[in-house]
Amino acid sequence: MLITVYCVRRDLSEVTFSLEVDGDFELENFRALCELESGIPASETLIVYAERPLTNNQRSLASYGLKDGDVVILRQRETPEARPAAPFPGLDFSTIAVPGSSSQPAPSQPQAPPPPPPDTSSFPQGLDNPALLREMLLANPHELSLLKERNPPLAEALLSGDLEKFTKVLLEQQQERARREQERIRLYSADPFDLEAQAKIEEDIRQQNIEENMTIAMEEAPESFGQVVMLYINCKVNGYPVKAFVDSGAQMTIMSQACAERCHIMRLVDRRWAGIAKGVGTQKIIGRVHLAQVQIEGDFLPCSFSILEEQPMDMLLGLDMLKRHQCSIDLEKNVLVIGTTGTRTSFLPEGELPECARLAYGPGREEVRPEEIADRELAEVLQKSAEEADQQKP
């Protein structure tokens, strides 16, 4: 039978693993297997099943009622030598109020002792001294970068320079973690036939698997968390330069109204083809330009456009255009190959992309709207045309 073991160590670190054992397997041997998996000495383990500690090492697991698919809790016992005999160097414990220390613990209250161990076990790590912890993090760039990545709220409080704010956020997170830990232990100790408790345990295990999967991905494939720039090429429409987005997932080639006005092809728009373009969102189609000339490198290719009223990018080369001219996207050489002519054109680096397509455009650039970008580009084209006209004058 398969037994899932939820292990909580003395330092509050946790691990979950499964063991395949027989029903007549003795508890003593089961402890030994758990020691191999968790690293906790068998003499320090406390195994709990259905809110009942398993103490007789000579009894079999089946005699305790364990069956296939059950979950047991393994906790590391507190030992006298595990508790610090003297204050941790540099830390003052005299001002720390441990819950329940104001009065003598009564023997008839077995539930009172569990809360103090999590607090006292965390003291040696310096978490009881926010000022010291703050100095340690600021002095370690590697740990600080990890904190920014994995705990942005605490990193923000740390870099704010406000010790009181940092202390507040740190204590709130510690209290929340302790609350979740107590809730998790309560769930794993609940009645195994309680459907609600089992559903919460399943969700907790699922979240642990997600976190583990993300941690492995960050270590083994960190590049998967990066962003890539989209594929753009330089081209000309009606003689005017345009940066076109190559999108093999789009059904049709489209152009923004602002770009069509810059290229002076709005006069060719057939408004009988007006409609709604649906994809990730919806856009209003003003009409269609049935035939226009697109220049890619030295090739002049016929193309049709659907004109969209509000579109952040100037032009999008869709599958209709790509299949018509047998284009292929060569990511190894970073080029677009025109199959009918063999012409190759390179995809643009990020520095040459339109502002709306750069990775920097987004969270920190909301103040720049697509229509403002279009107006700016239109002004640049008009200025360039005026300069060329002045140069051609005798």
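Each residue, glycine too, has its Cβ placed from N, Cα and C.
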For the annotation motif 'Ubiquitin-binding' in Swiss-Prot, which listed range does it cover: 71-90, 351-370, 371-390?
371-390
Let's see if you can do this one: DSSP helix, strand and coil counts over the domain 'Ubiquitin-like' (1-81), in that order.
20 helix, 30 strand, 31 coil
Which residues of the same chain, at least 6 positions away in sequence, have a Cβ lying under 8 Å from the Cβ of Asp247 (active site)?
Leu231, Leu316, Leu317, Gly318
